[in-house]
Amino acid sequence: MISHVLPTYSRADLAFEKGEGAWAIATDGTRYLDLGAGIAVNALGHANPDLVAALTEQAGRIWHVSNLYHIPQQEQLADLLVEHTFADTAFITNSGTEAAELAIKMARKYWYEKAEDRIEILTFEGAFHGRSTGAIAAAGSEKMVKGFGPLMPGFRQLPWADMAALKAAISDKTAAVMLEPVQGEGGIRPLADEDLRLIRELCDQTGALLILDEVQCGMGRTGKLFAHEYAGITPDIMMVAKGIGGGFPLGAVLATEKAAAGMVVGSHGSTYGGNPLACAVGVRVMQIIADPAFLAEVNRKGALLRQKLEGLVASHPDIFESVRGQGLMLGLKCRIAPGDLVKAGYAEHILTVPAADNTLRLLPPLNITDDEIGEAVARLDRAAGRLDG
Ligand SMILES: *Cc1c(COP(=O)(O)O)cnc(C)c1O
């Protein structure tokens with residue numbers, strides 16, 4: 001008999017009833033050190049007092065109003081996003097997938113308004129942009145698309161980080177190039193800064209729009225507010241979600257005025273997108289994470305965690321191959337199935353997340369403490385010890 005919850009997930013036998021910072025407390029009272037953070041969502045930890053205050057204060061006033069009216073909290077969030085990024089404008093969504101859908105629509109509409117027949121969007125293997133029919137067509141992975149055809153046309157996947165393939169594929173018929181500066185689900189695979197600069201250059205030469213998906217790598221995760229800042233370039237359109245809500249469902253599409261030119265009244269909308277509750281939380285998250293002093297701490301902690309992980313790799317050469325990633329978006333490339341390590345981690349009371357390319361993902365809350373970083377690596381060391389041959 002089918003479970004009452006549609007069985008699309010293979011779930012661990014764990015449930016949590018409370019959270020405190022980097023700790024998730026299971027229904028049996030066991031405290032788990034949470035290095036998954038709801039897959040890069042709980043960027044400021046569980047039950048963060050600032051976010052609880054922002055949410056409850058707003059909850060006592062007004063939860064939902066339609067986008068038929070002005071929503072001051074939404075305007076404040078858009079102001080902050082514009083102030084701290086390349087963007088001139090923002091549309092607030094409830095998720096990363098919704099942001100991906102709008103980013104694709106925006107790029108198509110841009111060329112439609114120019115009366116140019118450019119619909120092809122170049123994407124990359126290993127990408128993840130969400131689970132809608134459009135987003136799975138964009139990523140094109142066999143596992144995600146199988147059985148859901150016919151797929152939305154207009155996407156072409158290129159090998160990840162293959163600049164020769166991109167040079168050969170891009171032309172003045174290309175509508176856009178869409179990618180994650182650091183692939184998350186794909187296995188914490190960062191693109192080299194010079195490659196991102198080259199992609200920007202190729203887009204400029206051909207007129208193609210550059211769409212960056214910073215749903216996972218954005219919002220301070222890599223130690224910059226957005227990962228593309230390392231390369232010193234800016235996109236035309238960018239998707240944001242996950243960390244921006246700190247656990248409340250929230251996303252956004254940011255765009256330049258030029259790229260957003262086609263998105264006129266009536267061209268897009270959302271019932272819940274930009275509601276006061278979500279935006280009140282998003283504003284508080286942005287105020288905390290966009291602070292340069294906060295980002296400097298993410299970098300310092302990222303370096304500390306990385307250094308300890310290098311030691312872990314050296315002590316378990318049969319289990320781990322290398323460390324990769326930036327800031328607090330780190331991956332351990334494994335020599336064994338990362339799912340086995342996730343399970344061994346449960347036994348040591350630490351939560352981690354597997355990813356493709358045999359990678360174990362470590363995405364702690366950005367405000368994890370130094371002591372907790374030390375404790376996390378000690379637990380990972382014991383988890384690996386359980387699997388050492
Ligand atoms: C999680 C993710 C998405 C999808 O976001 P949802 O909120 O799950 O819809 C899109 N792109 C990237 C890079 C992601 O990591």
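Every residue, even glycine, has its Cβ placed from backbone N, Cα and C.
Where the annotation comes from TrEMBL, it is an automatic prediction and has not been curated.
Here is what TrEMBL records for this protein:
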BINDING   G96, T97, F128, D213, E214, V215, Q216, T271  pyridoxal 5'-phosphate binding site
BINDING   R131, S270  N(2)-acetyl-L-ornithine binding site
MOD_RES   K242  N6-(pyridoxal phosphate)lysine
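Sequence features, as recorded in TrEMBL, placed on the structure.
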| residue | record | contacts (Cβ under 8 Å, 6+ apart) |
| --- | --- | --- |
| G96 | pyridoxal 5'-phosphate binding site | H129, G130, D213, V215, Q216, M239, V240, A241, K242, G251 |
| F128 | pyridoxal 5'-phosphate binding site | A139, S141, E180, Q183, G184, E185, G186, Q216 |
| R131 | N(2)-acetyl-L-ornithine binding site | T97, M144 |
| E214 | pyridoxal 5'-phosphate binding site | E180, P181, F226, A227, H228, M238, M239, V240 |
| S270 | N(2)-acetyl-L-ornithine binding site | N67, F91, I92, T93, N94, E98 |
| T271 | pyridoxal 5'-phosphate binding site | S66, N67 |
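Only G96, of the binding-site residues G96, E214, S270, T271, place a Cβ under 6 Å from an atom of ligand 1. All protein chains shown were included, and the count of other CB atoms within 10 Å of the CB of V215 (pyridoxal 5'-phosphate binding site) stands at 27. Set side by side, the binding-site residues T97, Q216 differ in how many other CB atoms lie within 10 angstroms of their CB, and the most is found at Q216. For the recorded positions shown (D213, K242), fewest C-beta neighbours within 10 angstroms: K242. In this entry, pyridoxal 5'-phosphate is bound by G96, T97, F128, D213, E214, V215, Q216, T271, whose most widely separated C-alpha atoms sit 25 angstrom apart.
For the recorded site, S270 (N(2)-acetyl-L-ornithine binding site), the DSSP three-state label reads coil.
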